[in-house]
Each structure stands twice: as structure tokens, then as C-alpha cells.
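Inspection log for the structure reproduced underneath, given as C-alpha cells.
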Amino acid sequence: MISVQVIFIAFISIIAFSMVCGGNVFPNRELGILYGCKGYGNAFCDKVCKMHLARGGGRCGEPNPVMWACECIDIDEDNGYFLNALEKQCPLLKG
């Protein structure tokens with residue numbers, strides 16, 4: 001049986017690793033979290049989120065104590081926002 005001390009040491013190791021590598025977050029559209037932003041700030045997240053069609057842009061936040069990630073606001077799931085922007089730029093695209 002694994003002792004409590006071994007579990008505790010493993011838990012602390014995972015937290016320490018997450019704090020060091022917390023800027024490397026992979027996209028997760030379900031949670032609205034896209035990419036790590038440790039050291040980049042809100043301007044970086046706003047650009048990233050707009051590339052992912054977030055109507056409200058984005059900000060660099062700390063969704064949990066061991067990770068800094070871009071939080072995108074109102075991601076457009078059906079691409080309507082993107083298509084409307086294209087139609088404004090290229091009126092000939094209208095159906």
C-alpha cells in the first residue's frame with residue numbers, strides 16, 4: 001500500500017511542475033481557455049482569442065492557482081461572427 005508520504009510528495013511535485021510550466025496550456029474550447037499566457041499579458045490573449053472567433057476578446061487570467069491561461073469571452077461556435085466580418089470586408093461574398 002502506498003503511504004501517505006509518497007502521495008503527498010507526488011502531489012507537491014505535480015504542483016511545482018505546474019507552476020514552472022504553467023504557461024504551456026493547450027487549447028480547451030469547452031472551458032473557453034486557450035493557450036498559456038504566463039509572461040505575455042492581456043494584449044496577447046486578446047489577439048489569440050480574436051483568432052479563435054471570440055466576440056468579447058480575451059484576457060490573461062488564473063483559472064486555478066497553478067496556471068495562467070488566456071480566457072476567451074463568448075467564443076463563436078457557428079462562425080457567424082467571422083462570416084459577418086468577411087461580408088463587411090468583401091460585399092461580393094453575400095449569397
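Glycine is no exception: its Cβ is also placed from the backbone N, Cα and C atoms.
Keep in mind it's a predicted model, so treat the numbers as computed, not measured.
Among the candidates Cys21, Cys37, Cys72, the disulfide partner that Swiss-Prot records for Cys49 is Cys72.
The disulfide partner of Cys60, as annotated in Swiss-Prot and taken from the candidates Cys37, Cys90, is Cys37. Which of Cys45, Cys90 pairs with Cys70 is settled by Swiss-Prot: its disulfide partner is Cys45.
Rounded to the nearest whole angstrom, the C-alpha distance between Cys70 (disulfide bond) and Cys60 (disulfide bond) is 5.
Counting in whole angstrom, Cys72 (disulfide bond) lies 8 from Cys45 (disulfide bond) by their C-alpha atoms. In three-state terms derived from DSSP, Cys49 (disulfide bond) belongs to a helical segment. If you take the Cα of Cys37 (disulfide bond) and the Cα of Cys45 (disulfide bond), they are about 7 angstrom apart, rounded to a whole number.
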